[in-house]
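Feature list (source: TrEMBL):
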DOMAIN    15-282  domain 'CN hydrolase'
ACT_SITE  Glu55  active site, proton acceptor
ACT_SITE  Lys155  active site, proton donor
ACT_SITE  Cys188  active site, nucleophile
Amino acid sequence: YVAAVYEHESILSPNPTALVDRQSALELMGRNLDIYEQQVVAAARQGAQIIVFPEDGIHGFNFTRSSIYPYLDFVLHSQSVKWNPCREPYLFNDTEVLQRLSCMALKNKIFLVANLGTKEPCEHTDPHCPSDGRYQYNTNVAFNDDGMLVATYRKHNLYFEYAFDTPPEPDYKLFDTPFAGKFGMFTCFDILFFEPAVNLIRQYNLKQIVYPTAWMNQLPLLSAVEFQQAFATAFNINILAANIHHPTLGMTGSGIYTPVKSFIYHNMEGYGGKLIVAEIPVTTTDYKTSSEKTAGRVSEKGSEQLPPLFYAEMMYDNFTFVPVWGEKGEVQVCANTLCCYLNYRRAVLTDELYALGVFDGLHTVHGTYYVQACALVKCGGLSFSTCGHEVTDATALIDLQLWGNISTPYIFPLLLTSGITLDFADHMGWKNNHYFISKNRTAAGLLTAALYGRWYEKD
């Protein structure tokens, strides 16, 4: 099927904490919706059957609970009411944004997924009802090609979004399409947690996911395109991921992903939006896994000098590292219960420092979640203290095999190359209670090769 995602540079309120009236809010949102409309037309012209827009794309961000209120549309989250906002605009008040989105889908005969702020009044008898008498949600909406509202999803894992409430229970939301079957949806930070993202995919055996996001890139392990790709590979699914484009805030990175191929956009230099349209297979074939002869314990050769262990902070976590020196070799490094092993050979010896790092613990900055990671990274310079820095360019081409005795089945294989481009492992899978990836020479210089394990039970 043909899918489209649009990375949108949103027109933002100059002062998001200021209180404005509904009319001014609609005016600002209207300017973003005008751009959406042009992109829907362009996508439909290229044969797209579905288009996905990013999180916060219509209203922006950094609101307070009261300042976002004029920007919120009313949405009924019950699935019992069948409603076409374009054809029946009179059914509910404060649904101007929904009406416009619905009409775009209808006019262009395309499925459309977008993110907006929504409100729902609640009774004071409801123990969860906020003191101002309403729920405010970060919401994805999906419309079919007739403009019908077919699904609404309320973001569960809020990322410092004080304007919004967490829904009482996680939403598991899907919608059906004639061209690719069922699509599930979740938003941004949700991708790092079991609920609802992983549970949704497993319960409904989904192969297609739509994913609006407003993601701030964090190298070396959580760049948007890097993690989106790893997620598609780990779950053997297709992901349509639309990110916002604000390079000054570190926000870029969208794509259409299958487990074996990606169509991505990552641009920290240019301004303006970007439409990606790609044709992808409906069914994902199982990723090739094979057993590799060398994936075993590294033998301890007593006489050899072991490289020094050192510690450095990477993405706010205290990693234990060992340098990866020379043209080829085998190294290992352990922390807590986790041991990571690397077998490597460099095509040409460059003057770049690489290190193999391990972290097995609770990540506690900007969210709390348990990580088990084995990561080969290019350091920022030649001193140990630069390992874990954000690096975007590399020249070393490396043959590698990386494995670890990771305790969780949820492992995201990361393979990031120079200029924030993606590569794919040749083989991956379990062998002797170790998970491994292997790669014969990346297409570009290696930035990160990692196994990012999420041990959800220990969150």
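Positions of Cβ are set from backbone N, Cα and C atoms, glycine also.
Long-range C-beta contacts of Glu55 (active site, proton acceptor), restricted to its own chain and to partners at least six residues apart, with a cutoff below 8 Å, comprise Asn115, Asn138, Asn140, Lys155, Thr187, Cys188, Pro212, Thr213, Ala214, Ile244.
A sphere of 10 angstroms centred on the C-beta of the residue listed as 'active site, proton donor' encloses 26 other C-beta atoms.
Counting every protein chain shown, the Cβ of Cys188 (active site, nucleophile) has 26 other Cβ atoms within 10 Å.
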